[in-house]
Amino acid sequence: MAGGKCLALIAHDQKKDDMAAFARANRDLLSRWKIVATGTTGGRVLDAAPDLDVTRLKSGPLGGDQQIGALISTGEVDALIFFVDPLTPMPHDVDVKALMRLAIVYDIPMALNHATAIKLLPTLEA
């Protein structure tokens, strides 16, 4: 992912509608970024805002969270917005924890809910 800043977008199943609405409402700010997203989340974002530059990776449970983690560790992802569903058990919970751990280790900005994402996005430089 050469050139430009990269933002990762992920949403658990129960939060995908929220992520689509977030993308639609913030398309002007998001249009300044290269976006990587897990498969289904990326599809929902593109449906909501087809003009965004979104690269879809694998679905989270099929390795997408790990792909984004790898991009964080190589410095290719500059910020993470991850709408987490804390009320639904996730079979790939260990992948989610590893992803969050990498965002912390590599000290990139990370929002885990809509309220934080709304505050964070305008402060980021694309």
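Backbone N, Cα and C atoms are what each Cβ position is placed from, and that goes for glycine too.
Annotated features in Swiss-Prot:
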- 1-126: domain 'MGS-like' (DOMAIN)
- His12, Lys16, Thr38, Gly39, Thr40, Thr41, Ser59, Gly60, His92: substrate binding site (BINDING)
- Asp65: active site, proton donor/acceptor (ACT_SITE)
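Taking the features listed in Swiss-Prot, we show where each one sits on the structure.
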{"residue": "His12", "record": "substrate binding site", "DSSP class": "coil"}
{"residue": "Thr38", "record": "substrate binding site", "DSSP class": "coil"}
{"residue": "Ser59", "record": "substrate binding site", "DSSP class": "coil"}
{"residue": "Asp65", "record": "active site, proton donor/acceptor", "DSSP class": "helix"}
{"residue": "His92", "record": "substrate binding site", "DSSP class": "coil"}
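Its own atom aside, the Cβ of His12 (substrate binding site) has 20 Cβ atoms within 10 angstroms in the protein chains shown. Site extent for substrate: among the recorded binding residues His12, Lys16, Thr38, Gly39, Thr40, Thr41, Ser59, Gly60, His92, the largest C-alpha separation is 17 Å. Taking the mean position of the Cβ atoms of His12, Lys16, Thr38, Gly39, Thr40, Thr41, Ser59, Gly60, His92 as the substrate site, the remaining residues of that chain whose Cβ falls within 8 Å of it are Ile10, Ala11, Asp13, Pro61, Gly64, Asp65.
Every protein chain shown contributes to the tally, and the Cβ of Asp65 (active site, proton donor/acceptor) ends up with 27 other Cβ atoms within 10 Å. For Thr38 (substrate binding site), the same-chain residues that are 6 or more apart in sequence and have a Cβ closer than 8 Å to its Cβ are Ile10, Arg56, Leu57, Lys58, Ser59, Gly60, Gly64, Asp65, Ile68. The Cβ neighbour count for Thr40 (substrate binding site), using a 10 Å radius and every protein chain shown, is 19. Model confidence over the domain 'MGS-like' (1-126) is summarised by a mean pLDDT of 94.
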